[in-house]
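S.K.: Just passing along the structure, written as structure tokens.
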């Protein structure tokens, strides 16, 4: 039975993660996994993440303008994400919790550094046929091992130079598929020890996540998104270092 303090912390984490999602358009799984890892094993944190991530990213996917076109263009990447996530999900189980925490910390640091440096590249259309499935598998392996969906999917999708709305929808597609694949992987490896109870807990944190997202969307109209991004990535960098060092020591 979780204490009142832990329940309050979990609610605050999803409120904060939703706020980041509302302001910058991504970051809910990354923030939630990073903060929850301070108080619980990565597999337990990933289980809490499932329903908020699925609902919010599915909404981001279906409200975009280019659903069919993106499916046709990115289906090999999505297939790779599914295969990689299911293959890597065993790392999140209890026997590998330390490795999962260290990997999570490393993923947070890498994502923060890429965000702060604004390192970008362009993937020519002629290379997508082989690059998309490879990026998908790599993203899946990272997702399965850490519960974080962003590496290398986000930099790759940005490199395709999609229109703004198409990019947001493509991110929603990638994160939706990653969430569904992670749920399957956690179930197959036994990390969802009490599926009904854990999914009920995940459903309970949907409301603070949605509330945070709506607050973030409102704040986005009144603040410098660039300033927020810098603060977000610096905080994520510090959190990643902390999570990694705690796991290694």
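In case you wondered, yes, glycine gets a Cβ from its N, Cα and C as well.
If you look up TrEMBL, you'll see 74-92, 98-117, 129-155, 167-187, 199-219, 231-248 marked as transmembrane segment.
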S.K.: Looking at 74-92, 129-155, 231-248, which one has the highest count of Cβ pairs under 8 angstroms to the transmembrane segment (167-187)?
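M.R.: Most contacts with the transmembrane segment (167-187): 74-92.
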S.K.: Counting only residues 6 or more past its boundaries, what in the same chain has a CB within less than 8 Å of a CB in the transmembrane segment (74-92)?
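M.R.: The answer is 42-43, 46, 99-100, 103, 129, 132-147, 153, 156, 170, 173-174, 177-178, 180-182, 184-186, 188-189, 191.
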S.K.: Who are the chain neighbours of the transmembrane segment (98-117) in space, where the CB to CB distance is under 8 Å and they lie at least 6 residues beyond its ends?
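M.R.: Contacts with the transmembrane segment (98-117): 30, 33-34, 37, 41-43, 91-92, 142, 145-148, 150-151, 154-155, 229-230, 232-234, 236-237, 239-248.
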S.K.: For the transmembrane segment (231-248), what are the same-chain contacts with Cβ under 8 Å, counting residues 6+ beyond its ends?
M.R.: 20, 23-24, 27, 30-31, 34-35, 37-38, 98-99, 101-102, 104-113, 115-116
